[in-house]
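Enquirer: The structure follows.
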Amino acid sequence: MKQETVNSRPQKGNPFVTFLWVILIVLFLNWLIFPNLTGQKIKSTDYGTFIEKMEEGSIKEVMIKSGQIYFTVADKGDVTTYQTGEVNDPQLVDRLLKAKSPNKDGKVAFTEIVPEENSPFLNFILMWVLPGLLFYVIGKRASRSIQARMGAGGNFMSFGNGGAKIYADAEIKTTFADVAGQNEAKEMLKEIVEFLHKPQKYTDIGASLPKGALLVGPPGTGKTLIARAVAGEAKVPFFAISGSEFVQMFVGMGAAKVRDLFRQANEKAPCIIFIDEIDAIGKRRDSGLGGNDEREQTLNQLLTEMDGFDGRKGVVILAATNRPEDLDKALLRPGRFDRRIQMELPDLEGRKAILNVHLKKVKHEAVDIDIVARATAGTSGAELANIVNEAALRAVRMGRNAVTTEDLEESVETVIAGAQKKGKVVSAEEKKIIAYHEIGHALVAAMQSHSAPVHKITIIPRTSGALGYTMQVESGEQVLMNREELFNRIVTLTGGRTAEEEICHVVTTGASNDIEQATKLARAMVTRYGMSDKYDMMGLETVHNVYLGGDTSLTCSAETAAAIDQEVLEMIRKAHEKSRRLIRENLDVMHEAASFLLEKETITGEEFMHILHQSGKL
Ligand SMILES: Nc1ncnc2c1ncn2[C@@H]1O[C@H](COP(=O)(O)OP(=O)(O)OP(=O)(O)O)[C@@H](O)[C@H]1O
Ligand SMILES: [Zn+2]
């Protein structure tokens, strides 16, 4: 396959200067051949005269330009050009079609542009000198910008016959300050920035450096933005390409493109490669119907390149996806995209921050960010950016020169309506249920002695599809779990549903994941951990492939299997009852914590515990 790369500086004979000369020569010849062009004079006249001449049948040509009629009249062999004032006659064309003319075919010709009435000197300036200057300036600028790109670290990359060129952005201006919120993601990426800054520091110790990180999150959460910010912070070139660009081509092209990309990146190291929509190439190979040869080849090439390149050179690959579960496991192995950076939809504070970042770019009056942020629960950063832009457009439409709160509120409605259509927006009632559900988990966890502390509670939808989330972290590394701890886990898992029942008096589908986990756990206690009274230490289930998902199969009779189900059910019932008791005893705290969560959307474990302590319950 033929591949060509433009790496060198442009040669001395600047093509733009040559081009300029050609233009000048052509213009000069033009002047020699048609010296009359500019000498022609135009006489002003009125519309009445035009009609008169037309009825006379002496008009040869007509041209209409910005409402004015230019026409030529044959008068005893002499040709004169006239120009009328601005005319608005809808019948004009009809009249002209009907009119007689001294032309051979007897019809008026609608033709060429008649030169303006200018002095020959002005004409000379307008026709030759100005365009010449213009070409010269444009040519100069273009050639300079090309030189800048090539010289300052960036370079054009031309991929085989695909014709698709990407070039590394040599100078990224985006920094972490442009990315509002997403603090956890920034924290994790800071190390990569640090490493790109001073690779030496890491290589001296012999540390092997991160080669790749996977940015995971719903659309519009700023994955591309933060990747650019990493390059901007580290001041390194940024190669950006989308996964889909690899697979649109003929078989073999994708792989060649990957090779080319890495070769270029190696030359520019330290640098960042950003592959957007990596799922387009990185889809699990065993999934789907039949293989896609092209995609597989491309993926294999990507894996080979990632393994092959020297981590010490400082090429870091960031990839983005919103469907991490679709990715081929091979991509996630150590030494490849082994770091996962979660980007989530912004909570109230996050939305305020994002709105502020984007409001800085438009002129605005003192606006009430709080109102806007509250009205936009569930929207992404991209949608918030869009809201600000829509508001600015609205302000212009209304003839104002600054954005007001009202503009923002109006555009929120437009953008939210779009999001609602996609089923993304959670209603106020649903939000309330989700909040109580999560607080239910958290409260039940906190009220039990052997239970990991609550770290974070959120009602912002997660990438995983969960509508809310209560995160517990084990303090210390625990390798053994006792029976009570396991049972308490099950109680905590039932806490969400219990809160729905006790407070909202509904049961929803929101607990499906809790149910699955609680059942698995209870089952394992009975069949594998010997933690039921009935079966003592009898093993009832075997696990295969512990590291690959862990399929299980029963190792007992069918009757026992039925009895196990009974046992599991008993245990879950007990857990459910316990959480019911805990929640009933603490209804006031439930309400207080849930309304705090509804307000803030994400709260920390400390904030939650603070409410608990204040209520005197703990
Ligand atoms: N945290 C944020 N702070 C400021 N602006 C943001 C943030 N998140 C998103 N935006 C705005 O949204 C735009 C789109 O974000 P970006 O393209 O980075 O999202 P993405 O996650 O890559 O989306 P996709 O998955 O659709 O590619 C950004 O250019 C920026 O204007
Ligand atoms: Zn739950």
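Positions of Cβ are set from backbone N, Cα and C atoms, glycine also.
In case it's useful when we look at the structure, here is the feature table from TrEMBL:
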- Glu438: active site (ACT_SITE)
- Gly217, Pro218, Pro219, Gly220, Thr221, Gly222, Lys223, Thr224: ATP binding site (BINDING)
- His437, His441, Asp514: Zn(2+) binding site (BINDING)
- 209-347: domain 'AAA+ ATPase' (DOMAIN)
- 16-34: transmembrane segment (TRANSMEM)
Enquirer: In whole Å, how far does the CA atom of Gly222 (ATP binding site) lie from that of the residue listed as 'active site'?
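Expert: For Gly222 (ATP binding site) versus the residue listed as 'active site', the Cα atoms are 27 Å apart.
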Enquirer: Could you check which of the binding-site residues (Gly217, Pro219, Gly220, Lys223, Thr224) sits closest to Glu438 (active site), going Cα to Cα?
Expert: Gly217
Enquirer: Could you tell me which of these binding-site residues, Thr221, Thr224, has the fewest other Cβ atoms within 10 Å of its Cβ?
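Expert: With the binding-site residues Thr221, Thr224, fewest surrounding Cβ atoms within 10 Å: Thr224.
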Enquirer: From Gly220, Glu438, Asp514, which recorded positions have a C-beta atom under 6 Å away from some atom of ligand 1?
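Expert: Only Gly220 meet the Cβ criterion.
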Enquirer: Please state whether DSSP places His437 (Zn(2+) binding site) in a helix, a strand or coil.
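Expert: The three-state answer is helix.
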Enquirer: Given a 10 Å Cβ-Cβ cut-off, pick out the one of the binding-site residues Gly217, Gly220 that has the most other Cβ atoms nearby.
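Expert: The largest 10 Å Cβ neighbour count belongs to Gly217.
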Enquirer: Quick one: average pLDDT across the domain 'AAA+ ATPase' (209-347), no decimals.
Expert: 84
Enquirer: What's the CA-CA gap between Gly220 (ATP binding site) and His437 (Zn(2+) binding site) in angstrom, rounded?
Expert: 27
Enquirer: Identify which of the following recorded positions, namely Gly217, Thr221, Gly222, Glu438, Asp514, place a Cβ less than 6 Å away from any atom of ligand 2, and list them by sequence position.
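Expert: Checked recorded positions vs ligand 2; flagged Asp514.
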Enquirer: If you take the centroid of the Cβ atoms of Gly217, Pro218, Pro219, Gly220, Thr221, Gly222, Lys223, Thr224, the listed ATP site, which other residues of that chain have their Cβ within 8 Å of it?
Expert: Leu215, Leu225, Ala320, Asn322, Met343, Ser380, Gly381, Ala382
Enquirer: At 10 angstroms around each C-beta, which of the recorded positions Glu438, Asp514 has the fewest other C-beta atoms nearby?
Expert: Asp514
Enquirer: So which of the binding-site residues is most packed in, judged by how many other Cβ atoms lie within 10 Å of its Cβ, out of Pro218, Pro219, Gly222?
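Expert: The most densely surrounded of these binding-site residues is Gly222.
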